[in-house]
Amino acid sequence: AACPGPFRAGELVLAEMRRKHNATLKLLCRLAAEAVLTSPGGVLPHRDIIGQLPGQVLRASGGARMLLRRPSLEEYVLLMPRGPTIAYPKDISALLMMMDVHPGDTVLETGSGSGAMSLFLSRAVGPKGRVLSYEIRDDHHSLAKKNYRHWRSAWEIGHMDEWPDNVEFILKDISTAAADMKSVTLDAVVLDMLNPQCALPVIHPSLKQGGVCAVYLANITQVIDLLDRIRSCKLPFICERIIEVTHRSWSVLPVPYIARPSHCQEAHSAFLTKLRKFQPLL
């Protein structure tokens, strides 16, 4: 749970600034007493932020209004340093739903990337769970560990509970890790790699009966190749479903006329509205 107290040095802060055409610029920084937050609307010294409660609106030197708050995990993974393209939160949410991950589970991921999936899996399995994250590239492996470590250290400063240290980052090609898998029982697996079919013969003996392997692929051609490999190698997997996750944001403004979706569209649409309380600038 978030502390009721103010921002402290060493934690992460997210600054939101309104731009033209109702766009929002989000800036992520780690608070340090002598540092400044630089934006197109001017600078804001970190010392002016430290001691403020989240949800305050402060003015930068150029007059821009900035809403300051602690970032969500979704916002952190979208703004953190990245090497490879990350798995986006909308896709990660769908993968977690597919795998039905519970606190205490042991989950394997291949393709640590920048660490986005690792962080969401870490939260899902909780302090009693375990995440094994395999990565073949040294630079991606190092970046994923760094992003995970930075989130944990900032979390401990800004929250009353400790983020679990439950991810083991392993620099290794999963296709050569058969010996590692013999001592592990996996509740679920998520594959985010160029050729996931190479990992299936290695991981399936360790995946519990009825366990789910979710695969994150960029196009339908890769899906076809994966299913062909499963059939040709007679691997013990059943393809339950293949989905494409879409995400469309709406901007609702006070205008004389707002077009409404057709009746057919309304029957299949669900609108999720996120509201956040803030302290207006006086």
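Cβ atoms here come from the backbone N, Cα and C positions, even for glycine.
According to TrEMBL, the protein has these features:
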type	residues	note
BINDING	Glu135, His140, Asp173, Asp192	S-adenosyl-L-methionine binding site
DOMAIN	9-63	domain 'TR61B FKBP-like'
Quiz item: Quick one: largest C-alpha distance among Glu135, His140, Asp173, Asp192, binding S-adenosyl-L-methionine per the record, in angstrom?
Solution: 13
Practice problem: Identify all same-chain residues not among Glu135, His140, Asp173, Asp192 whose C-beta atom falls within 8 angstroms of the centroid of the S-adenosyl-L-methionine site's C-beta atoms; report them in sequence order. | Solution: Thr110, Gly111, Ser112, Gly113, Tyr134, Ile136, Arg137, His141, Ile174, Met193
Exercise. Return the residues near His140 (S-adenosyl-L-methionine binding site), defined as same-chain residues 6+ apart in sequence whose C-beta is under 8 angstroms from its C-beta, sorted by sequence, else 'none'.
Key: Gly83, Pro84, Ser112, Gly113, Ser114
Quiz item: Least buried of the binding-site residues Glu135, Asp173, Asp192, going by other Cβ atoms within 10 Å?
Solution: Asp173
Quiz item: Per DSSP, what is the residue tally for the domain 'TR61B FKBP-like' (9-63) in helix, strand and coil?
Solution: 7 helix, 26 strand, 22 coil
